[in-house]
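This report refers to the structure that appears directly beneath it.
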Amino acid sequence: MNLTHIHSVYLIGIGGIGMSALARWFKQNNYNVGGYDKTSSDLTKALEAEGMAVHYTDSMAEVPEAFTKKDSVLVIYTPAIPADHLELNFFRENGYALYKRSQVLGFLTKELKTIGIAGTHGKTTTSSMAAHIMHESGMPCSAFLGGITQNYNTNILIGNHGDGAGWVVAEADEYDRSFLQLSPDIAVINNMDPDHLDIYSDVQSFYDSFNEYLKKLKPGGIVIRRVDVDVQIPSHASLSVTFGESVEADYRIQNVVVEDGGVTFSIDHDFTRWNNIRIEMPGMHNVMNATAAFLAAHFAGVSIDSIKASLRSFGGVKRRFEYIYKNTKLVYVDDYAHHPTELEALLKAVRMVFPGKKVVTVFQPHLFSRTRDFMQEFAQSLALTDELLLMEIYPARELPIEGITSDVLLNLIPSTNKKVVSKESLLTELEKLNFDVVITAGAGDIDRFIQPIKLLCEQRYGKANG
């Protein structure tokens, strides 16, 4: 890949969270940037407001002329784009410089010291925490994130990397084996629960990909993994450490105390204890995320005091246990959880902060294949809520699979307080229920209901005051 003669960058799927981060990087580095997406969203509107040309019809007639000049345009696409996409096929068949998002991310980060955050769950929160710590420490830091951070209201940070100074924090995404394009100096693996079995032929192939990711570690690099993550440490790693609650962990999480909606804990290592580590978000999964970010920043050279202060000031990520509405009578939490393990962690975190409260969950399953592959696990996780409104499966890139429906999933859930709802009936059904906490969860288009549900909460109890 050579950017010497590139003046314009065109992104097919520009509204995706990872793609939009690349779009913003190129725009802030003075490239002409534009792209296509299937539907308008808050994110695409933000990109347009930042000066990028975005359209929503798959047609070369819609592509501005500047992005059709073969010698000066770079075309980037996401693997979520269907194979019959007209624009993608035009650029491919006519020999344009065409790359996947992951290839471009690998290219942009290869000459810089990189922290790669991998794992089925928690990548975005951990990456955002690590980036915030590095940024607050004064160390030059760039970050390509899979969510909008509350601290910076963006999914990208751009640092001054003159003479290769500082660090890049990048999400190492296992989907489509994208993380094999990265060569991290510090490789973090938070967890390794099987997912994306529509991409991987079987569970073992999924696990094997993480070993392949670690082989990409730069010579002398460091591996940080949760203690129960079973991987092969490459011989060229200079150090491999584990973290977790277990006595076997090199860095052991201790003294976990839930208070005021957040968590305080300590980390023990050999004869050293780091006390009073505080995050302003609930859940043991976030304690794990924070510990991974803590260790990544520690090995990158940030002081312990600076790490602790930054974790305390970390404001979270949009759609990751995000409080949409909160007062003394009613709380509304929105979350991106779309895997059974994530749903379980979300519901346990809600129980941790709001013990004894009645919880209603609105869940939109994401992908027919994921619903099929984890049907029993979804049923077990969703049984943790008091009442369930289950939406129809969001197909994303997939066609329906016979016998895989929300009704089939509903029948497996060991609960009587449950119902399948359409998008049209969701608000009406929710309005009928009494609850103390309402949760929306999913990775599809459930986020379009956030504001209507917030309005319902306000109509019931007035403006939020917490």
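Glycine too: its Cβ is placed from the backbone N, Cα and C atoms.
Residues or ranges marked as ATP binding site by Swiss-Prot: Gly119, Thr120, His121, Gly122, Lys123, Thr124, Thr125.
Taking the features listed in Swiss-Prot, we show where each one sits on the structure.
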| residue | record | Cβ contacts under 8 Å, 6 or more apart |
| --- | --- | --- |
| Gly119 | ATP binding site | Thr126, Val188, Ile189, Asn190, Asn191, Met192, Arg226 |
| Thr120 | ATP binding site | Glu174, Asn190, Asn191, Met192, Asp193, Pro194, Asp195, His339, Thr341 |
| His121 | ATP binding site | Asn190, Asn191, Asp193, His285, His339, Thr341, Glu342, Ala345 |
| Gly122 | ATP binding site | Asn190, Asn191, His285, Asn286, Met288, Asn289, Ala292 |
| Lys123 | ATP binding site | Ile117, Gly146, Glu171, Ala172, Asp173, Asn190 |
| Thr124 | ATP binding site | Leu145, Gly146, Gly147, Glu171, Val317, Arg320, Tyr336 |
| Thr125 | ATP binding site | Gly147, Asn286, Asn289, Gly316, Val317, Arg320 |
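A Cβ within 8 Å of the Cβ centre of Gly119, Thr120, His121, Gly122, Lys123, Thr124, Thr125, the residues given for ATP, is found for these other residues of the same chain: Ile117, Thr126, Asn190, Asn191, Asn289. Annotation note: His121 (ATP binding site) sits in a coil segment as assigned by DSSP.
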